[in-house]
């Protein structure tokens, strides 16, 4: 699965600790992140992370384009709700896209743990079936759904 990792400045330490704690799970997936968050995760874990621009420079929007194209399967966005963000409209747009395209989104560590455990158990695999990212049998299933 393609997973986005984003964190506001005051939440970057939490994000790094979270990815370190669940490194074995994240290692099985393709990781994407905004600039500084991605660099810190790479440094702490050694995992490969595709890095976009930093959030205020368009990184949130770059991840949003992946969501809009159904190329992102899950988003971990540890937000700082107590600090005004200069790019808040971008943040709101990204959250909206997750809702529009039914992309699971965690905005804090508690919800993140629920999502990562679900990912570990295969509870998020429905996205693969719905978006045709699995074997031909799943594609036939998707075609049947589209015919109805």
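Sequential numbering from 1, following the chain as shown.
The backbone N, Cα and C atoms fix where each Cβ goes, glycine too.
Quick look at what TrEMBL lists:
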ACT_SITE  60  active site, proton donor/acceptor
BINDING   8, 12, 34, 35, 36, 37, 54, 55, 87  substrate binding site
DOMAIN    1-148  domain 'MGS-like'
Task: Surrounding CB atoms that lie within 10 Å of the CB of residue 36 (substrate binding site), all protein chains - done: 15
TODO: Quick one: among the binding-site residues 34, 54, which has the most Cβ atoms sitting within 10 Å of its own Cβ?
DONE: 34
TODO: Please report how many Å separate the Cα atom of residue 34 (substrate binding site) from that of residue 60 (active site, proton donor/acceptor), as a whole number.
DONE: 7
TODO: Between the Cα atoms of residue 36 (substrate binding site) and the residue listed as 'active site, proton donor/acceptor', find the distance and write it as a whole number of Å.
DONE: 12
- [ ] Fill in the CA-CA distance, residue 54 (substrate binding site) to residue 60 (active site, proton donor/acceptor), as an integer in Å.
- [x] 8
Task: Greatest C-beta neighbour count within 10 angstroms, which of the binding-site residues 8, 87 - done: 8
TODO: Would you list the other residues of this chain near substrate - those whose C-beta lies within 8 angstroms of the C-beta centroid of 8, 12, 34, 35, 36, 37, 54, 55, 87 - in sequence order?
DONE: 6, 7, 9, 56, 59
Task: residue 36 (substrate binding site) - helix vs strand vs coil (DSSP) - done: helix
Open item on the list: Can you tell me whether DSSP puts the residue listed as 'active site, proton donor/acceptor' in helix, strand or coil?
Closed with: helix
Task: Tertiary neighbours of the residue listed as 'active site, proton donor/acceptor' (same chain, Cβ under 8 Å, six or more apart) - done: 6, 34, 87, 90, 91, 93, 94
Open item on the list: Could you give me three numbers for the domain 'MGS-like' (1-148), the DSSP helix, strand and coil residue counts?
Closed with: 84 helix, 20 strand, 44 coil
